[in-house]
């Protein structure tokens, strides 16, 4: 396919997360992850939308959490079908009219026309489209001098809660799970105008031949070269399709959807150490991973790390890379259902990532993520 015109994405601005317990979300973001609570929906918007919303901010990352008030609102409709999860991904774009024209013309499905607001000397415009990401919609916004995240969002007199002492900077990538991802990849290419970036197929049979059981996945990353926005996309991989953690996610989520969001941090070791001190739980990494790490880094050509391997082992931070002094460090928080000890909290989770020259998705860590999720699911009797 010939390269299509860019819709002008600037960045992922926010995730809109639908929850059953807004107070629990407030405690998690402000007390555990050190996000600031910056704003909330006005009484008028809450009544009109039949949901109460709160905005949490760390660096450029905004998380909007909404809890239903009665029946009929978007959060209520989403939660009738799913556990807590990401119902909307919000993108800032350069030109809202161009984005609408291109998406509509390429077979995107707008939910509404462009909505425009002029207030306080600023302007705000937005529209939303349906997607092949299950019941997750995409919203596109353009703002000029408009301080609020959305109309009806009222800023607190002063931010409450955390201070972003963990150095969360931006969304690095968003990962979603599909029962079959080919339609989603085609949609991202032909409608959104994204381009292929990276792909992998992995199965436990690769490392444990003839085990009689196992699971696997295929993954492909699509990206927008202009903004650097990346979407990682997974599907289950035969044999043992049903035991794949991707299939388990889709069964627990009751459909395709956003699996995790990666938060870029400035100093992952300091962030993880401080988060653990606050009681944040991470997916476990086997000790053998670190026994084999020096040999694996040598094979990858990474060479010397700035970090001490003993500290990586202590904090269970993963490493991968490609080439001299080009590597990344990452770790994955437990799924929300495990964090909150509540199945209705859902299988979504966060990743922390620090890049040191490596802009890709390390296959070695991809396998480690897969295996760590499998261990958690098996330990909880879910896989």
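Each residue, glycine too, has its Cβ placed from N, Cα and C.
Whatever TrEMBL says is automated annotation, not expert-curated.
What TrEMBL records for this protein:
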- 173, 260, 351: Fe cation binding site (BINDING)
- 11-143: domain 'VOC' (DOMAIN)
- 170-331: domain 'VOC' (DOMAIN)
- Taking all protein chains shown into account, the Cβ-based neighbour count within 10 Å for residue 173 (Fe cation binding site) is 21
- Extra residues within 8 Å (Cβ to Cβ centroid of 173, 260, 351), Fe cation: 172, 174, 175, 232, 259, 261, 262, 263, 332, 350, 353
- Query: What is the three-state DSSP composition of the domain 'VOC' (11-143), stated as helix, strand and coil residue counts?
  - Reply: 36 helix, 60 strand, 37 coil
- For the domain 'VOC' (11-143), what is the mean per-residue pLDDT, to the nearest integer? 98
- Cβ density check for residue 260 (Fe cation binding site), other Cβ within 10 Å (all protein chains) comes to 24
